[in-house]
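Engineer: Okay, handing you the structure first.
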Amino acid sequence: MAGVSGCIKYSMFTFNFLFWLCGILILALAIWVRVSNDSQEIFSSEDVGSSSYVAVDILIAVGAIIMILGFLGCCGAIKESPCMLLLFFIGLLLILLLQVTAGILGAVFKSGSDRIVNETLYENTKLLSATGESEQQFQEGIIALQKEFKCCGLVNGAADWGNNFQKYPELCDCLDKQRPCQSYNGKEVYKEPCIPFIKDFLAKNLIIVIGIAFGLAVIEILGLVFSMVLYCQIGNK
């Protein structure tokens, strides 16, 4: 009977070790986003926070699953365990199918997701002029975004801040004279609202996510091939 190829065996181990490290990285980043002060400020409102943290929680689950699969693949390759390799193959196949399904649904419902983003941002404009403690955390997050994107407000510029415009020093101050500025309540502020910049930022990051997902899909297909070849070789020993 044919033996187990050392090349396939250690290629499988190396692949799964890298896969395991990717799981740790995803899990660590997702947990950091979940507990970091910056993200809590931006997603502090109930409407934004609930939907945003669902996505982060999904990433935490994905990272944990990838870690488990990487462990199964490493141990299955080194110990030449058909059971572990089969569990790895099934788990990886399910993840790949879920990725493909998510990609198809994302493409089909892209216009709907754009509408939800618009509605969420427009709905939360009123939080800029509110005075509650939870709203204040959201406002501080938007102030950070304003400094980053050199914009003011979400929809109507400085007017979105209402009476809170005087509350925050240096709010919307137009420090970059190459950007459009306007006079508001006696000082120069950025004219452009932040929604276009936020949407552009999300769109650019979506492209990055799609690229990462495509790269992961290629790696997962290689993992499926390696695991099945090794599984068959172990069975034929």
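Placement of Cβ uses the backbone N, Cα and C atoms for every residue, glycine included.
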Engineer: Do Asp57 and Ser129 share a side of the membrane, as Swiss-Prot has it?
Structural biologist: yes
Engineer: Given the candidates Asn37, Asn118, specify the residue that Swiss-Prot annotates with N-linked glycosylation site.
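Structural biologist: Of the listed residues, Swiss-Prot records N-linked glycosylation site for Asn118.
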Engineer: Using a Cβ-Cβ cut-off under 8 angstroms and a sequence gap of six or more, which residues of the chain neighbour Asn118 (N-linked glycosylation site)?
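Structural biologist: For Asn118 (N-linked glycosylation site), the qualifying residues are Ile195, Lys199.
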Engineer: Other than its close neighbours in sequence, what residues sit by the transmembrane segment (58-72), given a CB gap under 8 Å and a spacing of at least six beyond its ends?
Structural biologist: 16-17, 19-31, 33-34, 84-85, 87-88, 91-92, 95
